[in-house]
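Report on the following structure.
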Amino acid sequence: MGAVEESEPRTEMEEEPPVKQYEIGHEEDVKPAVKEVKTEIAEESDAPAAMEEEPPPEQLNSREEGHGKRKREETEAAVKLETQIEIKVETQIEIKVEALSEAAMVDEQPAKQLNDNLKGNEEMKAAKPEPAESEPLSRIEEEAPAKRIKQEEEEISCAPEETNPEQEEEGKNLIKALPSDLSGVISSAPRTKTSLCSYFRKGNCRHGDQCRYAHGEAELKPRPDGTWDPTSDTAKALARDVEAPDEVKVVAPISTAEESEYDSTEAGIKKCLQPVHRRWSADQLKKFLTESSIEFLTCKKRKGETSAFVGFKDEDQVEKAKKILEEKTVSGHKILVKDVLPRAWEKKANDDVDINEGLEGVTTRVKTVCDAVTPLGHLSYEDQLSRKRGEIEQVLKRLARNTRKGLGAGVLMPDWLMSARDNGGLPCAFEGVLASPLVDGYRNKCEFSIGCAVDGTRTVGFQLGSFREGIIAVAEPIDCKNVSSIARSFAAIFQKFVQASELPVWNKTNNRGFWRMLTVREGRGETSEVSSPIVEVMLVVQVCPTGVDKETTSVEYKKMAVHVSEAAAAADPPLPITALVVQEHTGVSNAAPANAPLHTLPVPGNFGDSPVDYIHDHIAKLKFRISPTAFFQVNTLAAERLYSLAGDWAELSRDTLLFDVCCGTGTIGLTLAHRVGMVVGIEMNESAVADAKKNAELNNITNCRFVASKAEDVMESLLEEYSMAEDGEEEEEEGSLASETKPEPGTSDKNDRPRFKNIVSIVDPPRVGLHPTVIKTLRLHTELRRLVYISCNPQSLLANAVELCTPLNPERETEKGKGGGGGGHWKNMGSMGLARNRLKKMPPSTPFNPKRAMAVDLFPHTSHCEMVMLFER
C-alpha cells in the first residue's frame, strides 16, 4: 500500500482496510472466486479487447484526433474494468466468507457436509477456466484500493462514491444478510458511516448529507466487527471502561495545531523536535532519525516549518534520542527535544452536545470562577512573582533575537546586541518584579457580566470562560481574591434586582436581552496608605434598549436606583454610592464604543438627588476625577509605585519637556509635573482629556497641556513646536528662560510656548501598542534622547522595541508603497515579522538602545503585569 502512505489522503480512521485483514486463514478459499470474477468480466466486457488490440502506428500518425479519442476510451475502459473487478471481488468474498463462517459456527454440522461445500467450491473453480494471465490475489487486493484512493485524492477524498445503482443495491442486500456477530466481513464504512470525516472536523467538508463519512457522533455507526472509530468519543469511552457515549461527559479537547494530526493511539509520548531543516519532508526526517539510530513510533513534519512531532514508545526512547541528538547538528544548529505545549481548541465538530445542557461542558474547561479570573490564586505570592519574572526574561530574550533578524545587509551589530550573548540573551539589565503593596481586593474597577449560571439562574459575576470556546455561564465572584468586598456586595445587590426584574438578561448566543453588564468603580481617600478606605463608588449599568419602549426603561431605572441606594444604606457597614450611570449599547460585544449614550441617574439621598457622573481617587497626594469610561489604573497603590519608577528612570529636571503619550486622565504627567518644566499629554478619548484638565485645576497644576487627538496625528507637530534648534545661542537662552514660565492649562498660544532641548517621553499605550507613525516620529526626532515605555502587553512592547532599536543602513533605498510586502504575504505575518517588515520603509534615523527593564505587579493572582523599559540614544 505504498501509494496510500505517500499521499495520506485521509486519516487512519478513514482508510479502508485491505480485504485480506478480515478473514485471516481463508485467503486460499477466496482466490478461486477472484480468478473466476476476472474471467467472467473478461468474457462479458469489450474493454480488454480494446486494450489489447492497439491500432497500427501508421494509422495513429495519420489520424491524431482518432488517437486521442482511442486513448480516452482505453482509460475509461480500464477504470470501468477495475471498478467492476473490485465490486464483484468484494461480493464474491462476502458470499464465501459467509458460507465458511456459518460452517465454522455450527458445531453440529457434519464433516461430510463441510467437505461437500469445499468440493462444490472446487467444481465451481473447474467450471470457469482461469484466464491466461491471471494476477495473484494479493496484487488485486493492494492495487485496486490504492488506485481508487489515488483517484479520489485528485478530487476530494470524502466525495460520494459513484457506483451502478443495481450493484450498490446488491451490495446492500449482501451486507444485510450477513450475521450480526460476524467479524470477517468487508468494512462498509463509506456506506454506513462507521468513520468520522476529517474534513468535517476541519470545517471544510462540502458534501453535507451525501458525505461518505460521519459528521459527528450522532451519525457514527459501529463497524461490522462491533468496534468503533478509534478517534470517536465512543471508542475512547469504551477504552476507559465507562458507559456509552450518550452518558459520557464532554471533555474540551486540548492539543496543539500540529499535534492534531496524531491519533491518540499512535504514540505513547509525543515530543517536538526543533529546529529541523525547513525543506525537509516527513520522509527525509524519518531517514535522518533512522540513520541516527533513533527509535520512534511516528513522525510528522510539514515542509516549510522548522518543527516536527515525533512519537516515542516510552521515556527510555526519549532519553536515548536526546543523547544522540546532542551530538548532531543540522545547518549549524542542535536539534532540541521539547515537550508538546497544549493549546485549547475550539469546540470539536463531532461534539454534538449543547454547551448549555449542564455543568459538565463547562467544568471540563475551568473548574471554578477563580480559575477563570485569578489563575495564579492557588500559588503563594512569592511563587507568582517568580513565575512572572521568568516570563518577562523570555520576552526580553526575544527582543535580542528579533532585532538580530531585522539587521539589513552591511549593518553592524550594535554594542547592546553583542553584549546580549554574554548576558544570557538579555538585551539589557532586568531588575526583577516590583511587588504590589496590596495583594488581595486591590481592583478599583470590576466589570461584572449579567447572564445565567449553569442552572439557569440570573447571575451577576464573571463568565466561566471564553465565549469563543462556547462558554457563556456566569458565576458569582464570591471567592475571587482580586475583587474588593465592596464590589462583591454591589454585585450581590444588583443580582437580586435583576432576578426580580421583568426585563431579560443578555444572552450572548442570540444577542438578545436588556441587562448586560455592571461596572463598579471605587475611589480611595486622600492618604496613600494600604488601609485607606473607599469613600466614593460609581455604578455603571450597561443595557441594550432594543425592543423596549422608553416608558418601560424609565420605570426600571427608577426601581433600580431605589433598590441599590436602599440596599447600600442597609448594609453593615453602609456602602458608599456616589454616582449611578446607565450606558446604552446595542452591539454584540460588551466593549461599547466611546460615543455610546450615557444617562446619569439621581441617587436618592445623595447631593440633594442631583445626579453626578464621576468619582475621585488619589495618587501621590493628588486628587483625580474619573468619569464612567475614562482609563485609570485598576491598582491605585501599585500605580503610584509605577509612576514614581518611570519618573526616576526618565531623569527629569526643571528644564525637561515631558511628553505623556496616551495619558488618559493625566495621572502620569500630573504626578511628575512638579519635577519638569512642562508636560504635554496626548489622549484620543475626549472625556479622559476633559478629566485631565479638571484634574490639573483640582491640584493647581499650571505647567500641563492636554491634547485630545490620536498620537500619530499630532506627535510630530508638537515636537516641532516645543523642541529647540540644535544650534543657536539665542534660542538656547530663550528656552532656558521660557522653561521658567508656566502656561495656563489648556492654552494654545504658540507665542507663549517655551522651547526645550531636553525632551523626554513616557508612553503608556493600549494593548495593541504604539501606532507605526508614532514610532517613526520618535525615531526621526533625535532631540528626544530618552524614552520610557510602560506596557500591559509584553508582545506589543516587543514589536515596538524592534522598530525602535534596530539600526538601519543609511545607504539603502527606502521602500515605498502600502502593505508589508508584495503578494499580500504580510497578512500571514506575526507582530514581529510585521515590525521587521516596516523597518524597510523607515527613513534613515538613529535607533534607541534598551538600557533597563523592570516589571511592576499591578495584577496579583493573574498572569499579567506592567512592564517598564528605558530606551536611550
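All positions are counted from 1 along the displayed chain.
From the backbone N, Cα and C atoms, a Cβ is placed for every residue, glycine too.
The annotation compositional bias 'Basic and acidic residues' is assigned in TrEMBL to 23-41 (among others).
The feature compositional bias 'Basic and acidic residues' is assigned by TrEMBL to 61-78 (among others).
The compositional bias 'Basic and acidic residues' annotation in TrEMBL covers 119-151 (among others).
Here TrEMBL flags 191-218 as domain 'C3H1-type'.
When DSSP labels each residue, the zinc finger (191-218) comes out as 9 helix, 2 strand, 17 coil, counted as helix, strand and coil in that order. Taken from TrEMBL, the feature zinc finger covers 191-218.
What TrEMBL lists as S-adenosyl-L-methionine binding site is Q633, E683, D764. When other Cβ atoms within 10 Å of the Cβ of D764 (S-adenosyl-L-methionine binding site) are tallied across all protein chains shown, the result is 23.
If you look up TrEMBL, you'll see 741-755 (among others) marked as compositional bias 'Basic and acidic residues'.
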Practice item. Could you measure the widest C-alpha to C-alpha distance across Q633, E683, D764, the residues recorded as binding S-adenosyl-L-methionine, and give it to a whole number of angstrom? Key: 15
**Study point:** Assigned element (helix, strand, coil) containing Q633 (S-adenosyl-L-methionine binding site), judged by DSSP
**Key:** coil
Practice item. Check the binding-site residues Q633, E683 for other C-beta atoms within 10 angstroms of each C-beta and report the one with the most. Key: E683
Revision key, fill the gap. Near S-adenosyl-L-methionine: residues not in Q633, E683, D764 with Cβ within 8 Å of the site Cβ centroid are F631, F632, C662, C663, G664, T665, T667, I668
Practice item. Give, as a single whole number between 0 and 100, the mean pLDDT over the zinc finger (191-218). Key: 79
